[in-house]
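Student: Got a structure here, written out as structure tokens. Questions coming.
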């Protein structure tokens, strides 16, 4: 299997005045093409911090994060942003959709950040993927006009519209009731498999984690036996 993402000896320390807090200690992780991995841990275990480092949203205190053979933490923010937009999709517990934009406009936005994609092309690709998540009748609706499950479907469509090689998902169903959570994760899994995109998700839900190919337990910033 080819590695999409590789992290080695990741440490993260936050300094607040004279107080230093080590959140992550000596973590290694490899994500292979098409793989589905769940990172499980309680609140405060460092899951979201790790996801931010792997996605180039922050840099480790020490250690290396490689994405498609390129060292993220040697890049400036503009370069990391370009790598994120090219290779990664993000899904969060709270959808982070822009309230003033329609579903189509929200989903098209990552494509419009690419100079080679026209507005018309971006819109059509957004419509196509919204159709694939069952929202063909909600294209012109704004987030406030959608249900919680529908908003998360829009977020999934936005994450996948650029055809990323890896999706990073932070509690992707954590804000939904059981039935909606099952439906949304089933949809995400189906699209991830169809598009041959790798998925790395953090969750506190072991039932959800059981659906992944691999489960990793993060406790107090260290890997432990799952």
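Note: Cβ is positioned from N, Cα and C throughout, glycine not excepted.
Take a look at what Swiss-Prot says about it:
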type	residues	note
BINDING	41, 42, 43, 44, 45, 46, 47, 48	ATP binding site
DOMAIN	5-226	domain 'ABC transporter'
Student: Near residue 41 (ATP binding site), which residues of its own chain have a C-beta under 8 A away, given they sit six or more steps off in sequence?
Tutor: 47, 202, 204, 217, 218, 219
Student: Minimum Cβ neighbour count within 10 Å among the binding-site residues 42, 43, 45, 48: which residue?
Tutor: 43
Student: Using all protein chains in view, find how many other C-beta atoms are within 10 Å of the C-beta of residue 46 (ATP binding site).
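Tutor: So the number of other Cβ atoms within 10 Å of residue 46 (ATP binding site) is 23.
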Student: Give the three-state DSSP assignment (helix, strand or coil) for residue 43 (ATP binding site).
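Tutor: The residue in question, residue 43 (ATP binding site), is coil (DSSP, three-state).
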Student: Around the ATP site recorded as 41, 42, 43, 44, 45, 46, 47, 48, what other same-chain residues have a C-beta within 8 angstroms of the site's C-beta center?
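Tutor: Surrounding the site, in chain order, are 202, 204, 218.
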Student: By a simple count of other Cβ atoms within 10 Å, which of 44, 47, the binding-site residues in the record, is least packed?
Tutor: 44
